[in-house]
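What follows is a short report on a single structure.
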Amino acid sequence: MSSRAVALIAFLVLGAAVVVTAGFLTPWRTAPAGDARPAVTVPRADASTDFSEDEIRRGSVFRAALRPWSLTRLGLGLVIALAFGLTPLGARLVSAVARPLGGAWWVEALLGGVVLGAVATVVTLPLAAWSEVLLRRYGLSTQNWGGWLADQGKAWAVSAVLTAVVTLVLFALIRATPNWWWTWAAAGAAAFVFVASFAFPILIEPLFNKFTPMPDSALRTSLLQLAERDGDPVKDVLIADASRRTTALNAYVSGYGASRRIVVYDTLLKDAPPEEVESVVAHELGHAVHRDVVTGTVLGALGAASAVCGLAVLGGWAPLLRRAGVDSLADPRSVGLVLAIIAVVGALSTPLQALVSRQIEARADEHALELTRDPEAFVSMERRLALQNRADLRPNQFFQLWFGTHPTTVDRIAAAREFAAREGLPVPAPAR
């Protein structure tokens, strides 16, 4: 049996493992099994129950203004990747960049992906800039252009370093073991996902935010006690200086083990009362308690390994290589083809990732309600988040299914009311 045939089998097995693992680890039902329907009648699940028509319109207008530019940016990025991967353009550009530096294979491998990525970034940058204009126009961005460009530069630099290292290692493996390189690369890709997941809070987060310890206060004590009561104590509570960039409200739990800490946006502390801050943090503690980051990392590792095996299968297809202007995947100039395959896989897997994410977020909501026993604060916080972030309160069903990483605001509020009725707690009244 050829190595390519074995790679195909490995691709199918690992792909099936992704589906089975996602099915097993994803919480498809958040409420405890066997619960009876609430005896108390809850308000109708509709945006008009808690939001005025003007509030609904404001969110819809903002999202309608932003969506075309976001979709165009995604589509243009995919078109550029396909142009570099399915025509000789990518190979020629890699050669042109590497030639002044001697044109060695390792130079092409080191710089090829970085250069192609830089071109895509520059071409799509005007669309990103216009999205920033809209965020400012609708009051969601507080950043000046210098800060925005600095963030764009840092994000590109991180991506460039990772791309250079990964592509250099990949083509070194292909050249060293032409038939079975994909076995080593698949294992390396899975390991890389795990390392990146653990390293991100330590190495990347500080590049974009400044963190300061929350001063001793009743809120800090209550947040630490909340984590302690949840059986997942944290080391500290930090404040992120998000207000220099956005008006959005957020909090999250970062780190692992003894380094775990609660991070709260300064915007949340400024705009929300303590009980709502506790509700947001309780949601994030739900992710930590249920090891959702680990779940995502496992799925990402399996997906990365499967993608490498798929690359080995497609990389042996002569017509595809000819379209890319190369004779073999061992030629580093084929990096455009590699990136194109990754881009297509990423686009096609988006709805599956969104589906899993929505279920995980719904479970974290349920966890927050169980931990705080305060559905009133939960509903109030959801209203605040929706209004502050200009959420689309009546989202297009297709866009919600394809891109929606969280349940809709209406669904989250309805779930909180159903929880209250089920648990015999006061059901939050409609806001209107």
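If you go along the chain as it appears here, the first residue is 1 and each next one adds 1.
Using N, Cα and C of the backbone, Cβ positions are placed for all residues, glycine too.
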Recorded Zn(2+) site member, picked from GLU205, GLU228, GLU361, that accompanies HIS283, HIS287 in TrEMBL: GLU361
Separation of alpha carbons, ASP365 (active site, proton donor) and HIS283 (Zn(2+) binding site) (Å): 5
Position of peak Cβ density within 10 Å, selected from the recorded positions GLU361, ASP365: ASP365
Same-chain residues near the transmembrane segment (180-204), Cβ under 8 Å, at least 6 residues beyond its ends: 3, 7, 10, 14, 158, 166, 169-170, 173-174, 254-256, 259, 293, 296-297, 300-302, 304-309, 311-312
Same-chain residues near the transmembrane segment (337-356), Cβ under 8 Å, at least 6 residues beyond its ends: 22, 26, 74, 77-78, 81-82, 84-86, 90, 113, 116-117, 167, 170, 299, 303, 307, 310-311, 314-315, 320-321, 324, 326, 329, 401-405
Those binding-site residues listed as HIS283, HIS287, and which of them has the most Cβ atoms within 10 Å of its own Cβ: HIS283
